[in-house]
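Below: one structure, written as structure tokens.
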Amino acid sequence: MDPYSAEGELINIHNHFHQGQYQEVVDYDVSTLSSENELPARVLQLRARIALGQAEDALADVTGEKEPELQAIAALAEQALGNSDKAVGIIEKLAQSAADNTTVQVVGGTVLQAAGKSEEALALLSQHQGSLDAVALIVQVHLQQNRTDLAVKEVTAARRWAQDSLLVNLAESWVGLRLGGEKYQQAFYVFEELAQAPATSSVRSLVSQAVAELHLGRTEEAQAALDQALKKEPKFAEAIANLLVLNVIAGKDTAEQRTLLEATDAQHPLLVDLAEKSDLFDKAAAKYSAKASA
Amino acid sequence: MQSASGMLTKFESKSSRAKGIAFHPKRPWILVSLHSSTIQLWDYRMGTLIDRFEEHDGPVRGVDFHKTQPLFVSGGDDYKIKVWSYQTRRCLFTLNGHLDYIRTVFFHNELPWIVSASDDQTIRIWNWQNRSLLCTMTGHNHYVMCAQFHPKDADLVVSASLDQTVRVWDISGLRKKHSAPASIYESQMNQANQQQADMFGNTDAVVKFVLEGHDRGVNWVSFHPTMPLIVSAGDDRLIKLWRMSETKAWEVDTCRGHFQNASGCLFHPHQDLILSAGEDKTIRVWDLNKRTAVHTFKRENDRFWVIAAHPEINLFAAGHDNGVMVFKLERERPASAVYQNQLFYITKEKHVKSYDLQKNVESPTLLSLKKLGSPWVPPRTLSYNPAERSVLVTSPADGGSYELINLPRDGTGAIEPTESKRGSGNSAIFVARNRFAVLNTAAQTIDIKDLQNNVTRSFKPPLGTSDIYFGGTGNLLIITPTAVHLYDVQQKKTTAELAVNGVKYVVWSNDGLYAALLSKHNVTIVTKTLEQVSTLHETIRIKSATWDDAGVLLYSTLNHVKYTLLNGDNGIVRTLDQTVYLVRVKGRNVYCLDRAAKPRILQIDPTEYRFKLALVKRNYEGMLHIIQNSSLVGQSIISYLQKKGYPEIALQFVQDPTTRFELAIECGNLEVAVEMAKQLDRPKLWTRLSAEALAHGNHSIVEMCYQKLKHFDKLSFLYLTTGDEAKLTRMAKIAEHRGDFGSRFQNALYLGEVEDRIQMFKEIDLYPLAYMTAKAHGLEDECQSILEASGLTEDQLNLPTFGEPLTPPKPLVPTYKANWPTKATSQSFFEKALLGQMEGLSLEDESAAVNGVGEEAEEDGAKRGLLGDGEEEEDAGAWDMGDDVVPEVEEGLVDVGTAEAGGAGSSEADLWARNSPLAVDHAAGGSFETAMQLLNRQVGAVNFAPLKPRFLEVYQASKTYLPASAGLPPLVNYVRRTVEESDLRKVLPIIPRDLEYLAEHDLQQGYKCMKNNKLEEGVALFKNILHSLLVNAVDSEDEVSEAKKVITAAAEYTLAMSIELERRSLGTPDAVSADPELLKRNLELAAYFTIPKIGVAHRQLALSNAMTQSMRNKNYSSALSFANRIISNGDANGALAKLLEAARRNKATCERNPHDAVEIEFDQFAEFEICAASYTPIYSGTAYEECAFDGSKYHTKYKGTVCKVCEVCEVGKHGSGLKLFA
């Protein structure tokens, strides 16, 4: 039986992970799990720790381990520490030896995609055997490649065999935010449901809810959700970034969020992108000038 | 019981056999006449026996309430008809005449008549007002078991007899004779005639129809209230239905089913049903139209003898061997659900309707549920899913079933649902957007189903689960008879449990933080994690509840609307004349559904609970607002406040001096206490006040109290301690005056007055003491005079040794002069507020301080120089100017469906550039080159640097960052202004600071700068507006012209402010007046400042400025023209009265000498505009160039330079015009 399914032992820890409740994952009591689920649970906990910014600890934890799962985790930790080449190296090796391992696929896919190797990531992920984690990742890769059409296909296929799963709902909502129209509202429902129930709420889902509301044009509600998120975790870069966007839309001053974002995550896509666009502007503007100077 | 779901027993009594029953038409009372000769009066709501009437001898078989009078009638086996008053609780009189047992007695609905049926084979009609027998109807040849008036038609009586017939009697003759309005004489005549007529045989009442069909005796017969139908019940175990016309009557059908004598029957007052009761211990319900059995209710041991219906409400009563039961056939609670401002409910006709709680309008029927369940069973619950606009309806029919139906967008009459999913279950509710839970009580399972009605998961709830409710997102509240469980559907486990008995309904607060659990007599408030907050008990049934937005629970009982706060404080809001089910509170309106499933609005006064809520939350402003705006008085609120420890607040409500005094003492408000004590002037109060004042250290009040109480000793001591010697002396005087030596001595001691003491001792003949006193103080002369007076010498005295004489203490601090120190008493917020001492406590405008937009004037690089000479873009002329060709769109529209292989696609942002010819959309998509190209072509934009902030702003606004998988960067999504659109060929990005925003914020801000003389800031603001509008999009052609107006205004203001700034930069006033060149320029610029088309109020400022400058430099002619313009502009809103006055004054001065001292280039009569670069006039008729964007004018020599106003466009370069709307 699939340990992540509704009846499985790992359902809760797995859901916590995907709901972004990383601390709950780390704190999860794994002592009661059956022996075959110990490793997957450990993998989840290690991934959660990396997500919490404890990549070094996680790396130390898995150093010297032989299991491909843990080696993949080592790669993920390296990636998080900025050693992208080393991480990709590990994964490429694993992809040769243990490509059928789900954890290798999922974690490897993450590492490859984070390193910008989308095609390789997709190649690795597509070998999965009914893993929703892999499906969700594939969806995200497609979306990052702006291939909404392929993402839609992937989700629709997954919905057929795993209807009630959290991951399918999430992936569908990600796609929904690209498709727009009525899908905005549906995505909003999914995120709101997660964000507002105390058992499932996390900063990530709160931010997701806020994003959906931004897309729906409901700035005040989005503001409320972001405030809620920032109250929980004041240094959550995504919350700051989206608050910045929100303030731009509302015509407010954004200097505060900008400095905050620069302080928390200088490499945030928003900042990188903006710097790039700023250069582009200057370059483009330089092509024009007045005929006469006064 | 065959169908337990149908009957709801409301009340049961235990007694001997009940033979007759009658409902009170208005009050919740039922009369029961017993075989044991007693008549009982019950309150079936409270379940209490109100009274017993025991004057009959032997069984009492018939009883009836009068419809309007406080009367009832009874008839028994003692042949007597008794008329009773239930107010005075006694029998008023007895009507004698029947010769055998009386079976039934009934009042007439309008006339003062009683009809009685008796075993003496007669039916008699009596007048209870003059206590006479009007008519005896003979014809039955066996016991008459029942006789009733027709409820509407005054001329008909129906009777049933053991002679196996039912007879309908026409009593019109009797009515004409007795009810016609008549003089006393006539009525006397009639009475005389009546005797006579009887002698000739009875023509007052004649048999109209004899109905034969029962083949045993007939026990009961009833008319239908509106239709010409009769129903009868007989010992042949049959219920027969008869119909009559004007001329004849016939049997319609028979209802077979009772297997013993049928003893009673009646028509349902509102529905097409017949109810019958029999000795087979059953009550049966029949369909009037099909004559088929609908329900059967069986009792184990009790034979039924009689059945009755309440005339108004859905209640029935049946008498049996061991008492009476009151019951309903069906639940009357309409199934309903509220979502935001929509109430969805199911009417009695089983139509789903909605009601807009904001607009107070009822929708037409959205859906008909006629086919749901059995026709006689109303749906039980309704659950609404806003995401799918669907409803989930449950019905108790067939052992419980549910149906999931989509609502149509708008109702157009009774539509049968086209598509519905159904299944069996006792409760069904939505738990998420796409999931609902179904409880099956028999199997004790809960299924979570998706909208396709497929089970997605299933689990066993706790034992004995009777109902389920929504428990917050992802949770269920599971109700068992003794507890409520909060169940996490995902984790499949109970996360919290609370022991509460018999919960029937759950009502969530609007914010989802609290829930009220309603059981029959209790309300328990819990948090969303099922922690108990408070609980309260009602003796009467609780019907429904709803939450106020502020967190107050309003609930309805059978006859009240009440409230409870979270802390358990509760009270009555209003009384109800009929049972209602609350759905929503909004201000003073309570929305509810009545039993007929009609939405109603009740008016309530929320003051009391709002006040208490404010009190609990210590929201003093709120309380103050309530105090000032409503007449909140009354003993209850005062005692409430006092009890809750807020005497100082209670004090504000009280008028009665005694209470005020008490409260004032309690809260230490001495001023009020003194005031009240003065008013009442009672020693007891002064005593209390003195004690309290002493405790406060307020000695002046203490003094006043002692004075009032004439406590001289205490006063003296008080003066001593406060050091008030003057008053102490007066006290001594008073003591002397009063002849109170003790007091006098005391005062003298306090004062240190030795002589006075000696004098006093002498006065009371205590010479030894006087001597000793004198001696001790060394007053030898005095000693001698005492000795002389007493005729003794010093030798004869045996003196003790003296110590130091006592000197009285001398005050160091004149405490008496001021009331200090006193105990600190905090003046309550209320006193301050009510005394008007609180500054700025206005409840209306609290946002005054919040001043919307801050400094919007971005440092937009307005001062940046031009960007070098770069290559010329003149060859843009090769492009077709009139056409908005979107640059660089080579391929057609992107078809997302075709691409199959991998590889990256184009992002939505890329599409914006393809979808729109507006520069702003290109900028939002990050395609800055094309955006610039467009602007260059449209308005000749060449200097883009000032637009950079706007470009980046627009670019940033349209991208959000969605955190997706862990370890990967967030997913970028694109915010659209076309929210509803999902066709990728039509989507467009959101634009921050659109026209509306700019007009409402920035523009006003700019005006404010003008008014406040902050010109640098103003210029920056207006330029920013120009830049923002240059890169923008609007929704319609109308808005385009609106935008153009704003652009022109911003340009004019920029020009005006720039001119004035230029003038100010000439130098200090002294430097300027020293240099004739500068002076001339100064005056010219001041004059030009008045030229741009800015708002009149602002123009006045410019004119005033110009006038002042001119006056100062004796340019009276110019000054005169400015003054004239100021005066002709007038003063629209009266804000510039001073200015106007100055203008008039100056005008007078100037007219005396209308000459300019300095010749300037300003012709007040010529028409001209100002060159925005040189700030010199461009006279009408001369050639000029302009900026294609903002329309500012330039001398021709400035062609090709960058516009000074917008700082972006090239002067004289004409483009295709700014495009803001595609």
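Using N, Cα and C of the backbone, Cβ positions are placed for all residues, glycine too.
Please treat TrEMBL annotations as automatic predictions, because they have not gone through curation.
Here the structure is a predicted model, which means the values were calculated and not measured.
Pulled from TrEMBL, these are the features on record:
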- B:53-94: repeat 'WD' (REPEAT)
- B:95-136: repeat 'WD' (REPEAT)
- B:137-179: repeat 'WD' (REPEAT)
- B:211-252: repeat 'WD' (REPEAT)
- B:255-296: repeat 'WD' (REPEAT)
- B:349-594: domain 'COPA/B second beta-propeller' (DOMAIN)
- B:635-777: domain 'COPA/B TPR' (DOMAIN)
- B:845-1220: domain 'Coatomer alpha subunit C-terminal' (DOMAIN)
- B:853-877: region 'Disordered' (REGION)
_Residue distribution over DSSP helix, strand and coil in the repeat 'WD' (B:137-179)_ = 8 helix, 19 strand, 16 coil
_Can you work out the mean pLDDT of the predicted model over the domain 'Coatomer alpha subunit C-terminal' (B:845-1220)?_
78
_Residues from the same chain, set at least six apart from the ends of the repeat 'WD' (B:211-252), whose C-beta lies under 8 A from its own_ = 142-143, 145-146, 148, 150-152, 156, 158-168, 258-267, 269, 274, 276-278, 280, 284, 286, 288, 291, 306
_Beyond the flanks of the repeat 'WD' (B:255-296) by 6 or more, those residues with Cβ under 8 Å of it_ = 1-3, 6-7, 216, 219-225, 229, 231-235, 237-241, 302-312, 314, 316, 318, 320, 329, 376
*Mind tallying the repeat 'WD' (B:53-94) by DSSP state, helix then strand then coil?*
0 helix, 23 strand, 19 coil
*Six or more residues out from either end of the repeat 'WD' (B:95-136), which same-chain residues have a Cβ under 8 Å from its Cβ atoms?*
20, 59, 61-67, 71, 73-77, 79-83, 142-149, 151-152, 154, 157, 159, 161, 169, 171, 174-175, 178-179, 194, 202, 204-205
*Give residue numbers and ranges for long-range contacts of the repeat 'WD' (B:53-94): same chain, 6 or more residues beyond its ends, CB-CB under 8 A.*
19-25, 29, 31-41, 100-107, 109, 114, 116-118, 126, 128, 131
*Looking only at the repeat 'WD' (B:95-136), what are its DSSP counts of helix, strand and coil residues?*
0 helix, 23 strand, 19 coil
